[in-house]
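The feature S-adenosyl-L-methionine binding site is assigned by Swiss-Prot to Asp131, Asp160, Leu161.
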Amino acid sequence: MPRTDNDTWDLSTSVGATATMVAAARAIATNADNPLIEDRFAEPLVRAVGVDFFTRWVTGDLVAADVDDHDSGWKLEHMPVAMAARTRFFDSFFQGATQAGIRQAVILASGLDARAYRLAWPAGTTVFEIDQPQVIEFKTATLAKLGATPQATLRTVAVDLRDDWPKALVEAGFDKGQPTAWIAEGLFGYLPPEAQDRLLDNITALSADGSRLACEAIPDMSEVDTEKAQEMMRRATAKWREHGFDLEFGDLGYQGERNDVAVYLDGLGWRSVGVPMSQLLADAGLEAIPQTNDSVSVADTIYYSSVLAK
């Protein structure tokens, strides 16, 4: 079902199901030989959501070869490796920010992100998680049942990012006078182009000098045949439906020309360094993800780390 302006979801439907998919990939990456990341909460969270397809994937009852289209460049097989590299990037970002003295962190569209519970935060750090109310409530309750304890002061902000989230964040205790470490992981593709700009504007308005931002930017799709790319995605996930999971991924994102993230942030006073997923994989000693000519692949995604100078 196509997105609407006021649509909502839980972790088994729409955009929320992609958060569960990513957590499942983190769980598999965690359980790999010589794992690059360690997220012990990923698998129990996926199990608690209860989407059978992803539960079977993390337990090994379903393997990527069962559902992947071998002629497609987009495969479930690539997800654990890609999410391991992505997770490592954002984990390292927070580590660097806290080493620089930042003690306030914000995770936008936090989904099943358990960094507040699994990272070693310095004393005095406050972590804010922002997401839809159903998502926040489920994850918080599930982690409490697991006996998990936040490793920092955790403040959850149950608000849709299309609503007045800056007000809700400040009301939750956010201090605009303190430098902040922000992450927007796997978020921009689910926002219309103008909403992406508005989000960056709001982050800047809330950020003190020396704040940092890490984000995942959508590649330039101007040369991509959108209909052809969506058909490729439908083919890639056809066997998912045969195994009981039916989600039209092409309906979840927003098309349209976007401002280049680094250029836009530069205009707001941020200085950015970008690294493509292909480089993150190479730096971690992981196998490259094949690229195709008819669509934008995971390997094209750019990861930016930015610092604000006001």
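Glycine too: its Cβ is placed from the backbone N, Cα and C atoms.
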Can you check which residue among the binding-site residues Asp131, Asp160 has the largest number of Cβ atoms within 10 Å of its own?
Asp131
Can you name every residue in this chain, apart from Asp131, Asp160, Leu161, with its Cβ inside 8 Å of the center of the Cβ atoms of the recorded S-adenosyl-L-methionine site?
Leu108, Ala109, Ile130, Gln132, Val159, Arg162, Asp163, Trp165
Which same-chain residues, if any, lie at least 6 apart from Leu161 (S-adenosyl-L-methionine binding site) yet have Cβ under 8 Å of it:
Leu108, Ala109, Ile130, Leu187, Leu191, Ala195, Leu199
Most distant Cα pair in Å, residues Asp131, Asp160, Leu161 binding S-adenosyl-L-methionine:
7
If H, G and I count as helix, E and B as strand, and all else as coil, what does DSSP give for Asp160 (S-adenosyl-L-methionine binding site)?
coil
Once the DSSP letters are reduced so that anything not helix or strand counts as coil, what is Asp131 (S-adenosyl-L-methionine binding site)?
strand
